[in-house]
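Novice: My questions will all concern the structure given below.
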Amino acid sequence: MSKVLVLKTTAQADEVSNSVALTNRFLEEYKKFNPDDEIIIVDLNKDEVGTSILTSETSSTFYQQEVTKKYINLLKSVDKLVIACPMYNFSTPVTLKSFIDHVSVANETFSYKYSKKGDVIGLITNLKAQILGVQGAPLGWYPWGQHTQYVEGAMRFLGIDFNKTVLLAGVKVAPLLQLTPEQRVETIIDEVIEAARTF
């Protein structure tokens, strides 16, 4: 049995959120393959980790906060991580960026200390991640808006392996615009099922 941490990051209400619909459908399929796994869902909008941001005013104490320790320990205690990753203004939600800031701590989750080549050594090697991306534009419209690649890179930096990212793209233009979030997810259901099977 695996422990699976699921991070909700959307800034929208659940009933209109494409990333919530995608995450729910993924979990539905995942449970078919892994019925005994423990699922832990955390809504970063409702947790301090999603609202405590790194600024010049907070930088001196940011990494000493209990919330930082809590989430590093949580990452070390689970086997799998599911990240709902919608795009807002060509980037990740601020809640997800704040989470990544909180758990990216030198000598806790990554290190250069023992590297022979001077590159980073990720210290969270117990985890496999599944990124579930959503964006309004079709894939390739805005090459600078590669939000899922940023999250993949951040996971790799921390030593986390990941399954092939699932991306639901083009939700704000026809033909997907006219559909409900659940109907949009059905347009990529084969990818969702395959990700659930291999995760």
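Any Cβ shown, glycine's included, is placed from N, Cα and C.
Pulled the feature table from Swiss-Prot, pasting it below:
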BINDING   Ser17, Asn18, Ser19, Met87, Tyr88, Asn89, Phe90  FMN binding site
Novice: When you measure from the Cβ of Asn18 (FMN binding site), which residues in the chain that are at least 6 apart have a Cβ under 8 Å away?
Specialist: Pro86, Val134, Leu168, Val171, Pro181, Arg184, Val185
Novice: Report the member of Ser17, Ser19 (the binding-site residues) whose C-beta atom has the most other C-beta atoms within 10 angstroms.
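Specialist: Per the Cβ count within 10 Å, the most buried is Ser19.
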Novice: Look up Phe90 (FMN binding site) in the DSSP assignment and report helix, strand or coil.
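Specialist: It is coil.
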Novice: Report, as a single number, how many Cβ atoms besides its own are within 10 Å of the Cβ of Met87 (FMN binding site).
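Specialist: Taking every protein chain into account, the count is 24.
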Novice: Of all the binding-site residues given, Tyr88, Phe90, which residue's CB has the most CB neighbours within 10 A?
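Specialist: The residue with the densest Cβ neighbourhood is Tyr88.
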Novice: Please give the FMN site's span as the largest CA-CA distance among Ser17, Asn18, Ser19, Met87, Tyr88, Asn89, Phe90, to the nearest whole angstrom.
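Specialist: With Ser17, Asn18, Ser19, Met87, Tyr88, Asn89, Phe90 as the binding residues for FMN, the largest Cα distance is 17 Å.
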Novice: Helix, strand or coil at Ser17 (FMN binding site), per DSSP?
Specialist: coil
